[in-house]
């Protein structure tokens, strides 16, 4: 059975450009050409929040890992950080000199990487909201940039037809993948951090191993691919294309599983929820659609253990999950003592809740401090003006 359509969200007044789920799946963020960021509640009959602040089209949105902040990038050249609540307070970052096409948090929530038409990739600190450094070797617009799961690497995709891999510490480009025949619209890391997938205007999706820098898989479609998202298990990849379809690829078998028709006109963006049981898509038809995934958790739990035989471009076995076996073994040993496991689970849950609460407080504090800093700067500016005026008056009197 196909993945099933869950819900339609209507409220944007122009094409939807980006979608992302919060950690707990209670909220979904979307950005649109209508210059708004919208936060939709996954609970029925809850009104969405519409955030106004960007002066031009919003091209990308993402929840922070804790879910207490939303970053957005816009054609107005700014990046904004929002608190996803009724007030919708936000602060703006300015360092790019052209349209910002991509925002992405590191998995610890401390850094943000952005990509822009000014041909640069920039890295920022989230809590200080300070620009740190630029990566500038692309020779055309940069459409997308992502941190690796461990935060040590950055991958970027550009209209110069390359995908570049960067070392975050040395800030150097480690490798350029040049196999795309067109602009590269989107790129992301496999959950294991060992591979990347890129989508392009040459109608293809390519998967590379970043340890050996070699092409693992190549999928040829019939239309420009705008966006892609890995399932958290790492076994599936979903794409959104100009022919209005979403396609789910089975990476272990190396084949197309489903083609879904949910949009009138180009499907512009797609994203799995953090647990992988839902995915959302957006389109030029101004709609956000939420779908229920039909893969059973058992299926991909087993799939991590027993590598199904798929073949790669060069006829070898896919090396996608070699890093992920250890997780499965750990799970097995844990569940041998059910009582201890249960207690442990409860402790872990309460710990996770406490941590999430602390993160929430931190995020709110950060925003408050940053708003206060802005006010302070305004006050300082006014004070400076007053002093300058006084000096002018004194000088005029003396002369």
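Heads up, the Cβ atoms here are built off N, Cα and C, so glycines get one too.
Record features, source TrEMBL:
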- 9-43: repeat 'WD' (REPEAT)
- 51-82: repeat 'WD' (REPEAT)
- 93-134: repeat 'WD' (REPEAT)
- 135-176: repeat 'WD' (REPEAT)
- 177-218: repeat 'WD' (REPEAT)
- 225-259: repeat 'WD' (REPEAT)
- 260-292: repeat 'WD' (REPEAT)
- 355-389: coiled coil (COILED)
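Non-local neighbours of the coiled coil (355-389) in the same chain are 64, 66-69, 81, 83, 89, 91, 109, 126-127, 129; each lies 6+ residues outside the stretch with a CB under 8 Å from one of its CB atoms. Proximity of the repeat 'WD' (9-43) to the repeat 'WD' (260-292) is established through 3 or more Cβ-Cβ distances under 8 Å for residue pairs spaced 6 or more apart. With a cut-off of 8 Å between Cβ atoms, the residues of this chain six or more beyond the repeat 'WD' (135-176) that come close are 98-99, 101-102, 104-108, 111, 113-117, 119-123, 182-189, 191-193, 196, 198, 200, 208, 210, 213. With DSSP classes pooled into helix, strand and coil, the tally for the repeat 'WD' (177-218) is 0 helix, 24 strand, 18 coil. Long-range contacts of the repeat 'WD' (51-82) within its own chain (CB-CB distance under 8 A, at least 6 residues past either end) are made by residues 14, 17-24, 27, 29-39, 88-94, 96-105, 107-109, 112, 114, 116, 124, 126, 129, 356, 359-360, 363-364, 367, 370. Summarised as a single figure, the pLDDT of the repeat 'WD' (135-176) averages 93. As a summary of secondary structure, the repeat 'WD' (260-292) carries 0 helix, 20 strand, 13 coil according to DSSP.
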